[in-house]
Amino acid sequence: MPVERMRMRPWLEEQINSNTIPGLKWLNKEKKIFQIPWMHAARHGWDVEKDAPLFRNWAIHTGKHQPGIDKPDPKTWKANFRCAMNSLPDIEEVKDRSIKKGNNAFRVYRMLPLSERPSKKGKKPKTEKEERVKHIKQEPVESSLGLSNGVSGFSPEYAVLTSAIKNEVDSTVNIIVVGQSHLDSNIEDQEIVTNPPDICQVVEVTTESDDQPVSMSELYPLQISPVSSYAESETTDSVASDEENAEGRPHWRKRSIEGKQYLSNMGTRNTYLLPSMATFVTSNKPDLQVTIKEDSCPMPYNSSWPPFTDLPLPAPVTPTPSSSRPDRETRASVIKKTSDITQARVKSC
């Protein structure tokens, strides 16, 4: 248990009346005005018996210092005493009469009577502006709960629900008000939306073309197109009958060009029907254009060559002396003539 001790104000009165501390005295006992020696000993060094007897007595009274056991610390004693004086609600400093410089520095204080003591030191009374701001903050809550005639007819449960919601409704949550059938339907629509509309159910896509003007009001729903007829035609045409395979085979014909015989399948290629343009260009796709181009190929790449054993080969043509050139000369004679020409040119030079 902490030891009960005398409070600071009666303790100070006792120290002043004892006249044991030099410089501590009453200036006006009727008005409870007194002075305390307040030397700045840090400048010239501490003299405990002269500069800090009051601070030492307060440290001993509060148990912060034990004579003969603790080392003297007048600087700490003075700081603790100043903090205790500033925390008292019934003692205030008379600053216009205090002298804080020089060798005879002191501070003057006054003990306040009971009638002048504030209820709690440090707490300022509320101003009119703070009261007005608080009143304005309470008005919107009261006005939202009141009816058009100024009389509030809402129950406390509904008031708590309304203040918690604050007109913020989630589109995925349905808010249900229980036990409020007596409320007006118009007020319910204004305060709470019990069934908010479900959104994001239909995705709309806009299309534009050269013929049609761009208009944001003309919206078309997004649809998945069915399988095109071109894909169906591919599946049906991929499986051909034996007759079609026979018709698709190339027919080889004999042809002779400049006395030489060749095998050719020109003019026997089958024509393949391609899907019409209506398959790709429809009224739903006004901007789509498809161009199909087929390169000419004299012979299919996947066809095989027929055997040549059944076909008669032409007899080899042997050259005859009549077919040779009459002015044909041997290689040796040509070399001899050229050598004679070069020698003649050298001599002429």
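Here, residue 1 is simply the first one shown, and the rest follow in order.
Cβ coordinates are placed from backbone N, Cα and C, and glycine is handled just like the others.
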Annotated stretch (region 'Disordered', per Swiss-Prot) among the listed ranges 134-157, 230-253: 230-253
Confidence summary for the DNA-binding region (5-113), mean pLDDT rounded: 86
Cα separation, Lys260 (SUMO2 cross-link) to Lys75 (N6-acetyllysine) (Å, whole number): 133
Euclidean distance between Cα atoms of Lys78 (N6-acetyllysine) and Lys260 (SUMO2 cross-link), Å: 135
Tally of DSSP helical, extended and coil residues in the DNA-binding region (5-113): 45 helix, 19 strand, 45 coil
Neighbourhood of Lys78 (N6-acetyllysine), C-beta criterion under 8 angstroms, separation at least six: Ala52, Phe55
Neighbour count (Cβ, 10 Å) for Lys260 (SUMO2 cross-link): 9
